[in-house]
Amino acid sequence: MVMGLGLFLLVFMLGLGLTPPTLAQDNSRYRDFLTKHYDATPQGRNDRYCESMMRRRGLTSPCKDINTFIHGNSRHIKAICGDENGNPYGENLRISKSPFQVTTCNLRGGSSRPPCRYRATAGFRNIVVACENDLPVHLDQSIFRP
């Protein structure tokens, strides 16, 4: 009996290691994406905005070289991962069909140690994301399309 139970537990534990990521893990990666790249209603979109947002989002220890914040509706961002607002782009990426209002924060100076100083560039861009289970999990780039 003990031998059978031990074998069952061994097989069960091995099975856990081979299962695909759970929905909770996928949602965690999506939440990380939102934390790094989403700000629905920005208060200003200047250098001070970048310095404040980068600090509040935990992207300044060390100073991140570049980060883009996407503004607007999160449903439209999620829709890039489907046909509603996205098209295939390269290998395993999707590009938005419509442009988004974005603010890109570029690190000024060469040091990656705080205090971090950023230069803001605001505009409308199509965005390229990697998706997992129909959720954006990585912002690859933003593209200006005239």
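Note that Cβ sites are derived from N, Cα and C of the backbone, with glycine treated the same way.
Between Cys116 and the candidates Cys63, Cys81, Swiss-Prot annotates a single disulfide bond, the one to Cys63. Of the given residue ranges 45-49, 55-59, 85-89, Swiss-Prot assigns the label motif 'Nucleolar localization signal' to 55-59.
Cross-referencing Cys81, Cys105 with Swiss-Prot gives Cys81 as the cysteine bonded to Cys131, criterion being a recorded disulfide.
Within 10 Å (C-alpha to C-alpha) of Cys131 (disulfide bond) lies none of the recorded positions His37, Arg45, Cys105. Long-range contacts of the motif 'Nucleolar localization signal' (55-59) within the same chain, counting only residues at least 6 positions beyond its ends with a Cβ under 8 Å from a Cβ of the stretch, are 35-36, 67, 116.
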